[in-house]
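Novice: Pulled the feature table from TrEMBL, pasting it below:
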- A:1-197: domain 'Cytochrome b/b6 N-terminal region profile' (DOMAIN)
- A:20-44: transmembrane segment (TRANSMEM)
- A:65-87: transmembrane segment (TRANSMEM)
- A:H71, A:H170: heme b b562 binding site (BINDING)
- A:99-121: transmembrane segment (TRANSMEM)
- A:128-149: transmembrane segment (TRANSMEM)
- A:169-188: transmembrane segment (TRANSMEM)
- A:H189: ubiquinone binding site (BINDING)
- A:198-350: domain 'Cytochrome b/b6 C-terminal region profile' (DOMAIN)
- A:208-230: transmembrane segment (TRANSMEM)
- A:276-297: transmembrane segment (TRANSMEM)
- A:309-326: transmembrane segment (TRANSMEM)
- A:332-349: transmembrane segment (TRANSMEM)
Amino acid sequence: MMNSALVDLPAPSNITHFWNFGSLLGVCLMTQIITGIFLAMHYSSSIDLAFDCISHLMRDVQGGWLMRVIHANGASLFFLAFFIHIGRGLYFKSYVLNMTWISGVTIFLMSMMTAFLGYVLPWGQMSFWGATVITNLLSAVPYIGTPLVEWVWGGFSVNNATLTRFFSLHYLLPFVISLLVIVHLTFLHEQKSSNPLGLRLGSDKITFHPYFSLKDLTSLLLIMFMFMMINYTFPFSLMDAENFIPANPMVTPVHIQPEWYFLFAYAILRAIPNKLGGVMALLLSILMLIPLILQSSMKQFNKENQKNMFFWFFVMIFLILTWLGMKPVEEPFLSMSIVSTFFYFSWFFI
Amino acid sequence: MQGAESSSFASPSTSRYTCLSPAYLHDVRRGMARVLSRLYSGGASYSGSRRAHSFAFGRFAELSAYKKMLYGTLGAAAVAGGCLLYALETSEVEASGIDLHAPHFHWPHSGVIDAFDHNSLRRGYQVYKQVCAACHSLKYIAYRNLVGVTHTEEEAKAEAAAIQVQDGPDENGKMFMRPGKLADYFPKPYPNDAAARAANNGALPPDLSYITLARHGNEHYIFSLLTGYTEAPAGIELRDGQAYNPYFPGGALSMAQQLYDEGVEYEDGTKATVSQMAKDVSEFLSWAAMPEHDSRKRMVIKAVLYFALIYPVVYYAYKFKWSLLKSRKSQYVLLPRPRNRFNPPTSTPSSSAPPSH
């Protein structure tokens, strides 16, 4: 089975380096799991100890700082690779591989959930207030909202029980994601890879090894080198300053914002003045990827120049939303969020 | 090989192809139509993608006047939007605040492979000990952390021994005081947060272990704050014990200016100006927040060396393996339909068997 999946697997000869991000995601997942296991050896999910554990890990454990920065920044690399992987799928219409696409979207959602749970674990100010804001979104569910939030919290606020269960789930979910990755690959190998020309020709396939194993390794090495350079030179540049302050339920940060990879969804959430509407828009910002499989079967690129142009417009809107997510809720950012949200969802209907 | 087979296929004089039946030729024609239709669809999509690329990269002159105007307007709007975003991002003042952003300075450790200035760290420790430690704790730093960074082991032991640490219980169950050891952490100026607030007009002096990472602007902010005290502008009222500092959010800071010229006497004879002391203590606090900093920077060099060794080999192997594929020339060969029980001949074949392929 390994031979048919990794060695003799027939793959289109014309797929570019943009198709390497799938394997990069696999490497990222394994890196996160391995570093996470090491981090868990030195972590205690108690609200009195969690922040001190991270400090101990960074200062006193041999190589602990390296494990921690790889794990923390690895999440950013993971989502960067996700966005490029999904963006490539959107541009080249890989969603026609419907089961592969749906399993991929499921992995994306699970990864977002896992990343959110992990962000709470250092128990800094942004961990605590991020957990408070995001879990409170469940209160928008009609009728059962408040009990649902309290059930998730394990109490009447984000507290020790919340941290304990978040740690437990953060440890568990990556293994579920790993299983989903196997499902994703199984569907991919059954439905075959897409290719830049959008052709469905069964011809001109080459074996995965050595052609794509070497191609993947080339880009993997380059990206990992850049990743390690960031870890060695600016490891804290993607971390919020507030999260270096221990969680304090009595002091609310001026700006509460999630990690950069959730900012686009966060901007969409804030753009809708109604709480339930905002939560729905937040969910739909990801779930809108699923109905794409209903689009007509693999089209060629004839007369689709405008559609390609709209894709890059969508990318621009995504980047603007990410930027808006880290801005305070005031003009002109609020109006820009509303307009950008409108354009974001419009793209799915074009 | 395919090419050779194709050319031999075109030479019916060979004994192998002397028995081509009409049915076989009919199948060949159908196969040719099949291949041509595939080639056509592939070629059409390829030319489509070429059109898309030519749209992206140029041929603007070939567009109609209407499209030129449309794309020109879109381009101008995109540029204007980009400029607006840049202006908003780099604006010094936000609608939600009147605070000044700390300017960026060049620090001894700013470069990709630059380490901390350890003389500065030692001076910064002196400033912290003589000025800051009166109110601010550094609870994640132990005296052992100073060894090899700012002090020798003997010096660090002497520094530790200068404090008294509560230990115990002893054999009688009593707590007792003893001189500090290398393993002891820096002493806290107040027994608890309430005592700290009571001594500082209700304000809690923050722990400084992570202060450079816990503030936007990092050490730039710390330096700007320490050197940025000024008179409060008209319209801003300060409460008792507060000072005005435009770099502090809101401006009203419960910590008065602490650094003055010659406020400390440096062991190495460096002149203790306000900016010198601010720079040294900011550097020291950066180290306190990132004690692994110098190890990280050393690993940059190792990573670059390893990458420089490994990557060319992998890249060469990749290019070597792909060179055959990249330089190949495709030729479509018309292959006859295989003759088997699933594809029976449409008419009676001739006496000899159909040609193999």
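Every residue, even glycine, has its Cβ placed from backbone N, Cα and C.
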Novice: For the domain 'Cytochrome b/b6 N-terminal region profile' (A:1-197), report the average pLDDT of the model, please.
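Specialist: Per the prediction, mean pLDDT sits at 92 for the domain 'Cytochrome b/b6 N-terminal region profile' (A:1-197).
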Novice: Among A:65-87, A:99-121, A:169-188, A:309-326, which stretch has the most Cβ pairs under 8 Å to the transmembrane segment (A:276-297)?
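Specialist: Checked against A:65-87, A:99-121, A:169-188, A:309-326; highest Cβ contact count belongs to A:99-121.
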Novice: Who are the chain neighbours of the transmembrane segment (A:332-349) in space, where the CB to CB distance is under 8 Å and they lie at least 6 residues beyond its ends?
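Specialist: Distal contacts: 264, 267-268, 270-272, 281, 284-285, 288, 291-292, 310-311, 313-314, 317-318, 320-321, 324.
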Novice: Non-local Cβ contacts of the residue listed as 'ubiquinone binding site' (under 8 Å, 6 or more apart, same chain)?
Specialist: A:S4, A:A5, A:L9
Novice: Taking the Cβ of A:H170 (heme b b562 binding site) as reference, which residues of that chain separated by at least 6 in sequence fall under 8 Å from it?
Specialist: A:G36, A:T114, A:L117, A:G118, A:L121
Novice: Cβ distance under 8 Å to A:H71 (heme b b562 binding site), same chain, sequence separation 6 or more: which residues?
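Specialist: Non-local contacts for A:H71 (heme b b562 binding site): A:Q32, A:T35, A:G36, A:L39.
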